[in-house]
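Data first, discussion second: the structure below is written as structure tokens.
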Amino acid sequence: MALNLTHQIGTLAGTPIQMDTGVVSGDSTGTVNASAVWKPVSTDLRCAIQKPDLKDTMSPPVSPCRSPVLSSMRADLSVACRAFATESPTAAAVTEFSEEVGGEMYKQGGLQEKGNGVPVFVMMPLDSVTMSNTVNRKKAIDASLRALKSAGVEGVMMDVWWGLVERDQPGHYNWGGYSDLLEMAKRHGLKVQAVMSFHQCGGNVGDSVSIPLPKWVVEEVDKDQDLVYTDQWGMRNYEYISLGCDTIPVLKGRTPVQCYSDFMRAFKDKFKDLLGDTIVEIQVGMGPAGELRYPSYPEQNGTWKFPGIGAFQCYDKYMLSSLKAAAESAGKPEWGSTGPTDAGHYNNWPEDTQFFRKENGGWCSPYGEFFLSWYSQMLLDHGERILSSAKAIFDATGVKISVKVAGIHWHYGSRSHAPELTAGYYNTRFRDGYLPIAQMLARHGAIFNFTCIEMRDHEQPQDALCAPEKLVKQVASATQKAHVPLAGENALPRYDEYAHEQILRAASLDVDKQMCAFTYLRMNPHLFQPDNWRQFVAFVKKMNEGKDVHRCLEQVEREAEHFVHVTQPLVQEAAVALMH
């Protein structure tokens, strides 16, 4: 939980690090020779030191709702307030350096052309644009972008919120803050992954602000509550419009898919000069948290808690109408009146329910197979419709299209994989639910973006049969079979080397093909605190170098230490500015 500003500045206060006299002559704010920044401190290092086991260096997270316990952070930012008010000339030198590091990346499938590494992007704060369509904490964002560029980061990911841009009237788009943000990214030489965020912000893991759907959409929902996802107890979820009405003109004469398409087309028209150059990827939101899934595990109001199995979301009248038609088509009209009634509650475990239990569970009965096939196919059809539109709109612009899929790793070791089933992924011990998703993405040349890349199996509660590493391997295998590029994200904020090493391992996948990109969660004051920043800089460098570069880790860490030392004023400015 964030500390108040006074407490944060007090915590960060300490003795400033002096610049290396061998690098900077004269005053500490003098110009740095950028070409020397990443040169090895010693060119004849011999490494015979084994890397210690890091398993006990931190308390790992045990659920997607909890942040890890971080190690103690060094308090050496006594000049932070002064740095916030004045811009250090060091920044110019670091920017010059970072242009060398950045290179030509993220082309033709995403691999950088310099070396064989994985380009790293960083997610921007959810509230980077205010409700009045201006950049939030503009000076902080600017300082942060310069710091990220200095570390060799390829670019940033930003949510382009439907609820902000088309807030007041249908077809009226206010791109205010986004125009400024994109120009800032361009000025600093950073690429952008733009997320078409058609969901509500608030109610999911990590949501720190509240951004509702557009006012005029909410007005229509107020008139017809069946426009949003509904569970078997009648509880409505307002995060995203139900895919059951994708093709029905329920939003003031337009279908939801038409609204999404018009929004993407307006984005393309507004920023056409930046597409393919600054804007390199369009991630198309397809559900809650921007993920292609049902809102089966809503955290808001304590409805769901990890590691509950969640609940099916098919009880609005539009979904039930489709279910009825599917049952009649299958010659089983009695199956079309409702979803499973024995699938338990949000916080049950599989064996608590008749439907999900391993022995003679309803999930593997003829009815269960019918229902789960329909439920998952509706999700695939939803993705197909929106991707078809996105591909047509952004064709020949030079941008990649991507789709985010949730890493639902709890109860993965059970037979039924209940939490994946309620989310719409028909993945069981006997069926690969991720290959159909990958094949759907392949038809449109889209990237498969997957979460939970930083997690290890043993970090999670074993009684819940969590297996994030096995899940990542399954998804990687599916994308290879479908010939789809795979990108990754971390599901929780992690700043420790242990998590970074897991990401590095997962990014190479121990196969012939690496991830095409990795997006790091998230730009905030914690990232720029000294120990975290040092770890992050070394992590980015290792990712950029790629799996074929076997360099001494101690040397990389020495280089990172040296670079952090030189760029301290710039990072201090970013850290303090973000706290305001």
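Cβ atoms here come from the backbone N, Cα and C positions, even for glycine.
Per TrEMBL, substrate binding site is recorded for Asp159, His199, Asp207, Lys404, His409, Thr451, Asn490, Ala491, Arg522. The active site, proton donor annotation in TrEMBL covers Glu291. What TrEMBL records for Glu489 is active site, proton acceptor.
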The residue listed as 'active site, proton acceptor' and Glu291 (active site, proton donor), compared by Cα position, are separated in whole Å by 12
Rounded inter-Cα distance in Å - Asn490 (substrate binding site), Glu291 (active site, proton donor): 14
Inter-residue Cα distance where the pair is Glu291 (active site, proton donor) and His409 (substrate binding site), in Å: 15
Quick one: give me the count of other CB atoms within 10 A of the CB of Glu291 (active site, proton donor). 24
Whole-number Å value for how far Glu291 (active site, proton donor) lies from Arg522 (substrate binding site) (Cα to Cα): 17
Cβ neighbours within 10 Å, counted over all protein chains: which one of the binding-site residues His409, Arg522 has the most? His409
To the nearest Å, how far is the Cα of Glu291 (active site, proton donor) from the Cα of Asp159 (substrate binding site)? 13
Going by C-beta under 8 A and a gap of 6 or more residues, the same-chain neighbours of Asp159 (substrate binding site) are Met124, Leu126, Ser128, Val195, Ser197, Cys201, Gly290
